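Enquirer: Got a structure for you, questions after.
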Amino acid sequence: MLNKLVECENLTFEESYELFNMLLEESEIRIAAYLTALQTKGVTADEIAGFAKAMRDNAVKIDLGEVTDTCGTGGDGSKTINVSTAVSIILACFTKVAKHGNVSVTSKSGSANVYEALGCKILENPDEAKVSIEKTNFAFLFAPKYHPALKKIMPVRSELKIKTVFNILGPLANPANPKYQILGVNSPELSEKVANALSKVGGVKKALVINGNGLDELNPNGASKITEYNGKFETYEITPEDFGLENTKIIPCESPNESARRLIDVFSGKINEDRNFILMNAGAALYASEIVSDFLEGVEIAKNAIDSGKVLKKLEMIKNV
């Protein structure tokens, strides 16, 4: 298959699935060659899907029932608060959430970094995750604990220092096989491709693949692109006005501790720019999870959950599980 990639020929879903499994047994130099050739050619939806399905199939097994995930690819180079973590905690007030996450790669506040800064502990195994979701509606699935098969590939990725298909795979490889998903991508060109790949992996009923003018979140200060999948695909542009919100600037964030503090400020009812940023994305997540029928309703119930103290109480439950 390496020759095929070098000749810039696309792989099928089945070939991509097979290639992922081959890479687990390959030498480091051949892993690097495959990943570089695939990246140089340009990755397709079938290739992303084949890799993602194989990654799920090689993951530690976990069954949490019907869950939602709020996960982004990261890699947008922005210094923002960790919005997806905030959204996942709000969402857990209404439905089961299995948040697939990792430490920071490019941002100042990866989801696992912020999760720990909030005072929550990393769950060690599927049994602990099941207890957490039963007690709180929330489980944080720390990616390295569920994808041990990747131990050989990860050092090669680090050594290469280029983007590879693995920069896209994280949100598509949740071992809990989420039925609902809001998935951030770091480039608008990826939204349709990743939505298509997610549909091919299977198991998802409804998903929003989002990009906020370069952010892997919806942008509170301009237009964002969404590709919605619910058995069929629809791509459209939205602005904060569609959520009943005013345009607000994004305040940079310098550390996981700062991100955690600012999330708690919002959960405590503080009215500021971060609140709008979080409400916009929470409204979309509630819509993606089929809890509400439109974005406006999603924002309203997210507001009510925050202002009633429900979200702060949910965070305390998660910390004490």
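Just so you know, glycine gets a Cβ as well, placed from its N, Cα and C.
What you are looking at is a predicted structure, and each value in this text was computed from that prediction instead of being measured.
Residues annotated as anthranilate 1 binding site in Swiss-Prot, with sequence analysis given as evidence: Gly72, Asn102. Under the heading 5-phospho-alpha-D-ribose 1-diphosphate binding site, Swiss-Prot lists Gly72, 75-76, Thr80, 82-85, 99-107, Ser111. Look at Swiss-Prot and you will find Ser84, Glu217 tagged as Mg(2+) 1 binding site, backed by sequence analysis. As annotated by Swiss-Prot, anthranilate 2 binding site applies to Arg157. Residues annotated as Mg(2+) 2 binding site in Swiss-Prot, with sequence analysis given as evidence: Asp216, Glu217.
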Enquirer: Can you tell me how many other Cβ atoms are located within 10 Å of the Cβ belonging to Thr80 (5-phospho-alpha-D-ribose 1-diphosphate binding site)?
Expert: 21
Enquirer: Looking only at C-alpha atoms, tell me how far Asp216 (Mg(2+) 2 binding site) is from Gly72 (anthranilate 1 binding site), rounded to the nearest Å.
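Expert: So the Cα of Gly72 (anthranilate 1 binding site) lies 6 Å away from that of Asp216 (Mg(2+) 2 binding site).
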Enquirer: Are any of Thr80, Val103, Arg157 (the binding-site residues) within 10 Å of Gly72 (anthranilate 1 binding site) when you go C-alpha to C-alpha, and if so which?
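Expert: Cα within 10 Å of Gly72 (anthranilate 1 binding site): none.
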Enquirer: How big is the Cα-to-Cα gap, in Å, between the residue listed as 'anthranilate 2 binding site' and Val103 (5-phospho-alpha-D-ribose 1-diphosphate binding site)?
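Expert: One finds 15 Å between the Cα atoms of these residues.
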Enquirer: Looking at Cβ-Cβ distances, which residues of the chain lie under 8 angstroms from Glu217 (Mg(2+) 1 binding site) while being 6 or more apart from it?
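Expert: Long-range Cβ contacts: Gly72, Thr80, Val83, Ser84, Gly184, Ile210, Phe277, Asn281.
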Enquirer: So if I measure Cβ to Cβ from Asn102 (anthranilate 1 binding site) and keep only same-chain residues at least 6 apart in sequence, which ones fall under 8 Å?
Expert: Gly110, Ser111, Ala112, Phe142, Ala143, Pro144, Gly170
Enquirer: Tell me, by DSSP, whether Asp216 (Mg(2+) 2 binding site) is helix, strand or coil?
Expert: coil
Enquirer: Kindly assign Gly72 (anthranilate 1 binding site) to one of the three DSSP-derived states: helix, strand or coil.
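Expert: DSSP call for Gly72 (anthranilate 1 binding site): strand.
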